[in-house]
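A.B. asks: This structure is in structure tokens; I'll ask about it shortly.
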Amino acid sequence: MAISYADNETIAAISTPMGTGGIGVIRISGKESLTILQTIFRPHNDSCSYRSHQMYYGQIVAADGHQLDEVLVVYMRAPKTYTCEDIVEIHCHGNFLVLQNVLELVIEKGASLAEPGEFTKRAFFNGRIDLTKAEAVIDVLSAKTRKGVDVAQEQLAGSLYRRIEPIRNALVHMRALFEVAIDFPDQSHDIVDYEQIDLQLKTEVIAPVKELLAGVDRGRIYRQGISMVIAGRPNVGKSSLLNAVLQEERALVTSIAGTTRDSIEEMVDILGMPVRIVDTAGIRRQAGEVEALGIQRAKDLINSADLVLFMVDGSRQLDQSDLELYEDIAHKPMIAVINKLDLLAEDGTAAAALLDFVPASVPRLAISAREGEGLEALKQAIFTVVTGSDTPWDEEGCAPNLRHKKSLEATLIAAERMVDDLAQGMGSSDLLSIDMQECLDQLGDIIGITTTDDVFDVIFSEFCLGK
């Protein structure tokens, strides 16, 4: 249910990740923050004035006088804080046991343990950020690549809100005209220029909404990434390629076919995309029981992958087993990779054979995983196949997420329905006003104006404790 934080309880949580580190931070937010700090903090300087946004050195001390830790603290006075409430941060040594002891003392003095995302939830309900910025905080925390961080930071800076607000303003203006026309029906045609409304709907609503929808899949790729499987017969160099892309000896490489018997997965940044790259067991008909299990797992991974690198050995002629493997994976998005460029047969038999049964529409590249040749071209090909673009997208165009998609699609449907009604001479002010309000409600749902409580619960539950 909706919550007003005007006189809500003071909350606290550990804001830094679990584990050992140099510094660990406990965050407190609410009207009792400073009072709680004053009861547990012994400043090094007895004349501590607790000026806002200034750090103080001292000790956290339990009621019995026992020192829990030597700390730095900062008090931040509302409203110029993350939550628009009084906030205290206690910077302790980064041992989780120390942090837990201090947090328990803070709770003992009157704070409640914060729920996941509750600090950001308060920032939203107290008007500091809109809902798109709250979601961007999640994306900043979970981004897997630098490009993903840039996309999230762009949204955190308000890029999505800035693109939606002009659309809403145009709709508000048009709807206001309709409302006046409804009140004065005999003058409606003098009040509303329906040709102008048609033009505005097309240029100020439909066109920008379509642009926003185009960014949903882009944003998904940068946020969630893709899965990519390296598939091929035994000993074609799949593990060597994994090691080359990761620039580390992650997979065991030998000249013995069937060395890899289980899948090896790692995350890699390819032109800003998080790519979960999977090295699989070489697929062949004759295999022992353990290897056969690895082969079946490889087939399962191929079926669930977003992209398959179909690898062949360029130092030998291809045979029926290569063709059979290709036929098994032909339904997947694919790049054909001819490995062992350094040993490539002089007559080009591997490349020529690939041309025989791989469609021309499938990108193909010759590389040497061992020597690192052709890897940059392969990365570019991977990016192009996945995105349909040769260059990375700008961050602003990647802001919308899957939650926004539903609202944008509903907005588009309502706006296009209005255009159709106007074209057929069926658009009355009262009916058009209803569709206008539908558009406003859907766009308001994105930025948090008309969002339902259950949606809030889902969004903020994705946060970690302390944020």
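Every residue gets a Cβ built from N, Cα and C, even glycine.
Because the structure is a prediction, the values reported are computed rather than measured.
Among the features that Swiss-Prot reports, (6S)-5-formyl-5,6,7,8-tetrahydrofolate binding site is placed at R27, E89, R128, K467, with the record citing sequence analysis. What Swiss-Prot records for 225-387 is domain 'TrmE-type G'. Here Swiss-Prot flags 235-240, 254-260, 279-282, 368-370 as GTP binding site. The K(+) binding site annotation in Swiss-Prot covers N235, T254, I256, T259. Residues or ranges marked as Mg(2+) binding site in Swiss-Prot: S239, T260.
Show me how these features fit into the shown structure, please.
C.D. replies: Around the Cβ of R27 ((6S)-5-formyl-5,6,7,8-tetrahydrofolate binding site), a 10 Å sphere holds 24 further Cβ atoms from the protein chains shown.
Within 10 Å of the C-beta of K238 (GTP binding site) we count 30 further C-beta atoms, all protein chains included.
Taken residue by residue with DSSP, N235 (GTP binding site) is part of neither helix nor strand, so it is coil. In the shown protein chains, 20 other C-beta atoms lie within 10 A of the C-beta of N235 (GTP binding site).
All protein chains shown were included, and the count of other CB atoms within 10 Å of the CB of S239 (Mg(2+) binding site) stands at 23.
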A.B. asks: What same-chain residues, at least 6 away in sequence, bring their CB to under 8 Å of the CB of R128 ((6S)-5-formyl-5,6,7,8-tetrahydrofolate binding site)?
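C.D. replies: Same-chain residues close to R128 ((6S)-5-formyl-5,6,7,8-tetrahydrofolate binding site) (Cβ under 8 Å, separated by 6 or more) are P79, Y82, T83, C84.
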A.B. asks: Out of E89, A369, give me whichever of these binding-site residues has the highest number of other Cβ atoms within 10 Å.
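C.D. replies: Within the set of binding-site residues, the most crowded position is A369.
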A.B. asks: DSSP secondary structure for E89 ((6S)-5-formyl-5,6,7,8-tetrahydrofolate binding site), reduced to helix/strand/coil, please.
C.D. replies: strand
A.B. asks: Mean pLDDT over the domain 'TrmE-type G' (225-387): what is the value?
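C.D. replies: The average pLDDT of the model in the domain 'TrmE-type G' (225-387) works out to 78.
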A.B. asks: What is the separation, in Å, between the Cα atoms of A369 (GTP binding site) and R27 ((6S)-5-formyl-5,6,7,8-tetrahydrofolate binding site)?
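C.D. replies: A369 (GTP binding site) to R27 ((6S)-5-formyl-5,6,7,8-tetrahydrofolate binding site), Cα-Cα distance: 48 Å.
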A.B. asks: Using DSSP and three states only, what is R27 ((6S)-5-formyl-5,6,7,8-tetrahydrofolate binding site)?
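C.D. replies: DSSP call for R27 ((6S)-5-formyl-5,6,7,8-tetrahydrofolate binding site): strand.
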